[in-house]
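Asks: Input: one structure, supplied below.
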């Protein structure tokens, strides 16, 4: 801040930081419209706290630079700065890095814990520190992986971890940021009374007046202007125009101080143009921007040419993913460097243009970018920038740069098998062989292409250039990013452009092959760029990429035929230590949550397969996991009879819902995310209020464990399936059964409503799929064909077909419009030949056991034994007794001669798949899907 301005606000922040007590918020949120001086305040607080030894670390987000808008850069930056101010923490951090060298490359949540929180907790008598995060609204929001997961965690964990740390945040007053603070369970108590554009206007105007007075007096002295200048009336007019926007005042100073014009003339242009009465937000800021641009054209006979150049050059500057120097920008845009500098010179009041052509050109304030891009802000169409067309232009320029410069072995590495880390003097080689403009093109061409408009004049040229790039330079691009240590950017660029490239099938195929190559051979290429050719390329399937780059194959003899297709498996997500029971995707598909018998819920990044977080809290196996409809929460159910509600962003355990007395088989959200219904082994369902974290009702009625549950789309009714072979329909308001669907003869494993709610489909351990009329509670169709239990059933979105999956390892599709019984009525699941070879015993899907003569194939008898599929039959060694194991959880012992029931053995809680007699037939051993063997 300019000396003497914002004093009250800065004192308020200092008082907040020095206050102690449990009721003092640990977070101070300073919000304000763009241009009201938030970053200036943050810089001033930084300086003051640093001088007092109280600044722990700071991070200033910026849309201008990729590394400063990526949340992934925060933890390493904060850790580095904290290490520079606290020697004890520095030693602890070094210990962590020695023990875990991979810590900086691990998931961001782990970095926060391992690089920041854990070492800080080991510092005795840690002094109070302030962490500053400026311009939070400028961080990446496109994908959760870019930081949506980490920001709330950073804001919650350090202040709430017992450490003497507070956090100052500045941002525009965006709803998403306010929602982030207010989200349930985040544990964020914030001091958010400071909204810059709502502060006392007299104080703000006084600060702006002081700023203008000082700087205009400096201009008067430097340019030898006769005083009094500009005079009190002019100064008051300027202050009135500025309103609450410091950026207006700063731009006025830059505009008037421009050495290409007379300060008096510049000031007159401002005073006698525009509407001074308008109080619309940003109106005066837009006015000053427009006046600066129009002034740059005054007296120019080539004004139209300058406007065209403005759109290309300034449009590029405001949409670059990282700022470039004048020389690099000229190279990228194929402009003469002197001409480009001449085009920028009249814009010194809007752009930071260094005299050194190797330093980056930047805009002074993000509001200038908004002025040019947001429709309606720039009232002169000559200066408005088309975002889509400018991105198309930049994508084309990036592709042309890569076509000109990329080649195999770009750094002239002598040893083809050397690791990147072993290449002598790699940094200097990269600076020499991959100049800034080429590095920029390699890193960001995909981002520009994904935002490119299709109605641009460059469309045909862009398609042709992209085709040439993918068929001649794609592998060299991967090599360059590997050498730069930026291989993950290959995946993000390729994934981003895949949808855009569908207009050109050949190019799309090359892009997909490259994506699969990087995905499948990431570990190899990441550590050794040249192994791209010597290892990865050798093993890819026949296809467009191999055909285009066959000349790059090493001289190696293939000992086995090359595959024709990529493996259908994209990623292998490794980390669980036991069986994985359930998966759930977030709404946008960028995250997946998994539940495992190891007791953990793990969250995965579906783009690269990396583990984002591990949610621990269950004391046994986790049987169920599901994202809420808006993906903000995760619910999990476990064998410990508890339901855990998690913040999907931070991984914070919001609440533990208790009340069941048995394992949770399923827990799901209602469509509005306000309720959870859980199904348990204790034969009950429970309904929970998510907002209040309380139990609303228990639904009793099933006589066996409840295996599955689903909501009707409108949330008014619930369907549940049970081991008791029935399906129940519940009314959510009355909490009572309003119907039973009876027909299955074994456990119901899956139940789902159709999208319109008029039909229900169910799958059972009896091997059948049934379609029900929800209103009449009657079965309208039964499909038979699976040879094992049906584990999952789903309607297609239009309700015309049913998909089913089974333990028989098949997936079947059925015509849901056809009613009646279809498929085999029953079939044999298991057979056993008697020891004397005279008979065969068989067990069928309908629960019947039969005895057959081997001499002529005739049936001796058939008896109804079980209420579900018979999975296994076995015989005593003297052929007097036969035993059968079934999906109904029981074992039956029968007299071989006449099929009469000798005994029914109960005790298993799931399907019995294996039984066998001991050698003397006195004992019987059984194994069940419940995980137990019994004798």
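Just so you know, glycine gets a Cβ as well, placed from its N, Cα and C.
What TrEMBL shows for this protein is this:
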- 26-173: domain 'NACHT' (DOMAIN)
- 573-605: repeat 'WD' (REPEAT)
- 615-656: repeat 'WD' (REPEAT)
- 657-698: repeat 'WD' (REPEAT)
- 699-740: repeat 'WD' (REPEAT)
- 741-782: repeat 'WD' (REPEAT)
- 783-815: repeat 'WD' (REPEAT)
- 821-862: repeat 'WD' (REPEAT)
- 863-904: repeat 'WD' (REPEAT)
- 905-935: repeat 'WD' (REPEAT)
Asks: Does the repeat 'WD' (741-782) reach the repeat 'WD' (573-605), going by 3 or more CB pairs under 8 Å (6 or more apart in sequence)?
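Replies: Checked: the repeat 'WD' (741-782) vs the repeat 'WD' (573-605), no contact.
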Asks: Please average pLDDT over the domain 'NACHT' (26-173) for the predicted structure.
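Replies: Averaged over the domain 'NACHT' (26-173), per-residue pLDDT gives 81.
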Asks: In the repeat 'WD' (615-656), how many residues does DSSP call helix, how many strand, and how many coil?
Replies: 0 helix, 23 strand, 19 coil
Asks: Select the range from 573-605, 615-656, 699-740, 783-815 that forms the most Cβ-Cβ pairs under 8 Å with the repeat 'WD' (821-862).
Replies: 783-815
Asks: If we skip the immediate neighbours and take only residues 6+ beyond the ends of the repeat 'WD' (699-740), which ones have a Cβ under 8 Å from one of its Cβ atoms?
Replies: 662, 665-666, 668-672, 675, 677-687, 746-753, 755, 757, 760, 762, 764, 766, 772, 774, 777, 867-868, 889, 909
Asks: Just give the helix, strand and coil counts over the repeat 'WD' (573-605), going by DSSP.
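Replies: So the repeat 'WD' (573-605) is made up of 0 helix, 18 strand, 15 coil.
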Asks: So how many of the residues in the repeat 'WD' (905-935) end up helix, strand or coil by DSSP?
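Replies: So the repeat 'WD' (905-935) is made up of 0 helix, 14 strand, 17 coil.
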Asks: Residue counts in helix (H, G, I), strand (E, B) and coil for the repeat 'WD' (783-815), per DSSP?
Replies: 0 helix, 19 strand, 14 coil
Asks: Just give the helix, strand and coil counts over the repeat 'WD' (863-904), going by DSSP.
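Replies: Going through the repeat 'WD' (863-904) residue by residue, I get 0 helix, 23 strand, 19 coil.
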